[in-house]
Every structure is written in structure tokens, then in C-alpha cells.
Amino acid sequence: MNKQSKLILGGLGVLAIAGGIYYFAGSSMTSSNKQTVAQPKVVEENGQTVKQFEITAETKNIKLKDGTSVDAWTFGGSVPGTQIRVTEGDRVRITLANKLPEPTSIHWHGLPVPNAMDGIPGVTQNAVKPGESFTYEFTVTTPGTYWYHSHQKSVEQVDKGLYGTFIVVPKNATVKYDRDITLAFDEWMAGMDHGNMNMGSGGMSGMDHSKMNMGNGNNNISGMDHSNMGGSNQTASDKKEESHEDMMKQMYNVFTVNGTAGKLIQPIEVKAGERIKLRLVNAGFQTHKIHLGNQPFIVTNTDGQPVQDPVLVTDQLVAVAPGERYDLEFIATEGGFLIDDHADSPAAGDIQIPVKVLSSKNSVTLEHKNKGDLPTFDIMAYGQKTQPAEHKYNLEYTMVLDNVKDKSGNEIYTINGLTFPNTQPLSVKKGDWVKVKFVNRGTVDHPMHLHGHFFQVLTKNGQPVKGSIPSKDTLNIRPSEEYEVEFLADNEGNWMFHCHDLHHAAAGMVTLVNYEGYKPNFTPDPNDKPE
């Protein structure tokens, strides 16, 4: 198979290597656009190098845009939190100190870490109480773009700003980037109370975890009470959901990139001819549809994992669902362009990022095209078509996703008609091959995220994937869509499998992947709230 494809980007010939290993320019490399990169303390222990980081969870007033500030919860005093940038193979030790008024944790989204380090209160650890600390330690084995966020009452805490980005650079890099820029997208309810969110149809307050029991390796969890979740007066399911979605778009009234919106967004400055890497991270709850103006680009990675033989893309929207990541690459040309968001929300206009070419004779093109005029990039039909390896599956599991009313008339989000903790876990053994079929019978998107593993996407709506088989940890399933994915059970533990619209997770769309015989090494606190 041809492992190389020669691309013409902006009239400049560049070589893109499928599944390539990348390295970065020296002093000229820009690691992020207004993100602070953590500087670790490097120590030697028993002949092994360990990079030590300290992250403090604390409150801070953050200015999102002119005239709009919020009292945010932060990792390290900024939103996004301090970026962690390490190299494949590094041993990292990260101590979380909690100075917040509530317990919290850190989940390493997409990183295949040991189960005890996954940061899920009630499942892998107890939440870190105010004034206390917890140390996470693991070896980073897989290069890519990842992020970290709280998983304690995550629908509230991530909403308040408890997230950051985590970059793993390949150890043996061969492709040079002049600038490596991370863009984390989010939405905010500026001026609204996060403490008791009543979301109408699909309200998210009121879960009672007091009867959860995760001990003895059995993971018997019972007693979650959805009775206080805000309901809807509408009777037609489609109208109810449309009302809920419209309400969400109004409530999330500020869109940010790297914690800023509007005129506070700093331009990206590049030089003509430079090779630029853009890492797109969706830390929010709504899909962000990113447009790179008139700049051709290739998509090199999805959820950190490489795409086989990427080809040139021009004038398409890259739809990044909640929890997803996409890596883009382009060669800067004269004139510059605008990166903007075409999401289905009035607040999407907050995100307009000028890309300025230094010493360019031409001005930046600030054209915001009508979103109806632009096609959406399709990762399922992109790159060199590959054939999946044939496996004998030890477990096949169908996951029907839906939204219904419970007996109290409240909107809930279900897996096979049930809400967590009553959903049926996937019981696996190490070495099993597992096939999962997603069926979305509801009226809204569900970005499904599997902890601790990557899965390969095999089919969409009954047809084999047309391009390079994506390896992902988060997959967005739209209404009426069906996908089949497979994964190898190669990381023992108890792992969450849930919708990463965290409102949906908090309202029930969660299950677990449990390894037979695995026993957690902690005694669960019944007050922990992992959603």
C-alpha cells in the first residue's frame, strides 16, 4: 500500500506520511494559542525519569469577552487549565490539589491509563475532597491530542471551566511543524446559575447517588434518583426535544476558544511557507463546526489517532462533537484567513480567529460564509480505504440510544430503555474482541465516549466505512444513525461508556465495561457523583 501521498497545499509541495511521526521546530515553534504550558519538575527514581506536575483546582474570575466575566472553576488559574505536554514513553506524576469548595477529580480523556488512574469518582477512586490532594501516575504510551477534565458532577464542574489539554508528542518524530497550536472550544452560560441547572426537558439536577455500591469488584450500583430532574409541559416528543435544544442554544450564550470570545481572541501569527498543526478540542456540550476560510488542509488525526493517507480538503466544515479531537495540517500562504465557527447557535459568532501571515503584502480575508453553503467533512469517507482485520467476537452488544419520559414525566436519556445505574454493563475478559452496535432512535446527537480504550469504526448505517478506518474513543451518533465498532479488551478495570453531552450522561446515558474478576483498590464514597 502506498504510504505516502504528495499534497499540494497553497502551491507548495509537502510530503504527508500516513500515520506519520511528527517533530517540531526549535525556538520558532508555538505550542499553543494563549495556553500556558506546564513546566514539569524532572526527577530520577530507580533509574527512571519521572516528570512531575502540580495542578491546583481553584476558583478565579475569568473575562470571556468585553463586558462578560464569570466566576470560573479552573485547573491552575486559567481556562483551559495549564496544558500538559509530554513525550511518548514519559512517566508522569501529576498531583491534584483541591482548593475548591466541593470534591473534584481529573479524568484523562482519551488516554489509555491504568484503571486506578482514570479519575472517575465512585468507579476508580474517591473524589478529592476540599483541602486534600491526589496523585495520578502513569506512563504515556500513545501519541496524540487529548484533554483532561473533572469527572465529579462533571455536567456542572466542566461547565464551570474544569478542563485542560494534554498533548503527547511522538518519541521518534520525523515530520517537522513550525507551529503547533491547540484550540479548545467551549460554551458558557454567562450570568446564569450553574449550581441548580433546570434544563426543562432533560433537566440535569437531582441525581441521588447515596445508594451506589461499587465495592467488592461487583459494581452493583443502585438507587440513583432522577425525581428532581426538571420536566417539560410539552407532549409531542419532537416538539419537546426541539424546545430543549433551542433552550440550550439560548442558555449557552457565549462561545469561547481557549477561554476567550470576540475581540479578546488573539490572532494566530504565522509566516508564509510554514507548516502549521492545529489541534481542535471540543470541551463543551455542543458540536462546533470549524471552518478554515480559504485555506486548504489535511486531517491527520482523529481523537489523537492517525488517518491513513489523508488527502487535501478545501472549504469544508470540520464538525467536532463534544469530547472529540481533530488534528489539521496546512501550509501558510500569503494573505491569511479567518477560522470561524458555524455551529447551530447564535453564540457561534463569538468565535472568529484571524490567522495573520507576518510580512504578508495581502490582508487577512475576514469572510464568514453562510453555513448552508459549506459541506461538512466526513471522517468516514476520508483517507485511504482500509480493510478491517477479521476477528471472532467474544461479545456483541447492541446499544440503543433514546430519550423518553420517566414515570414522573421527566426527560431521561436511555441505553436499551434503561438509565444508569440500571443499564446492563458489558462484561469482558482481557483479550476479548468486542463488537458494539450503536442505534440512535432519539432526536438528538449522542457523542459516545469509551474510557481506557480505542475502538475502530467498521460500518455506518449498515455500509462499510468508505475511507481509512477511524480509531477513536468518542463517536458522534446522530438521530437515525447506526454504527458498528470493535475494540480489544486489553486494559483491565471498570470503565465508563457514556454520552459526552454530559447533560445526557447526568440524565442516565451511561453504562460500564467491567472486566471479570477485577476488583477496585478503594472503598467507594457513596456521595461521589461521577457524571
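Just so it is clear, glycine is given a Cβ too, placed from its N, Cα and C backbone atoms.
For His109, His149, the entry in TrEMBL reads Cu cation binding site. Positions annotated as domain 'Plastocyanin-like' by TrEMBL: 58-172, 238-328, 410-513. Under the heading transmembrane segment, TrEMBL lists 7-25.
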Checklist entry - When you measure from the Cβ of His109 (Cu cation binding site), which residues in the chain that are at least 6 apart have a Cβ under 8 Å away? => result Tyr146, Trp147, Tyr148, His149, Phe166, Gly323, His449, Asp473
Item to check | His149 (Cu cation binding site) CB neighbourhood, other CB atoms within 10 A | outcome: 24
Checklist entry - Which numbers of helix, strand and coil residues does DSSP report for the domain 'Plastocyanin-like' (58-172)? => result 7 helix, 58 strand, 50 coil
Checklist entry - On the 0 to 100 scale, where does the mean pLDDT of the domain 'Plastocyanin-like' (410-513) fall? => result 98
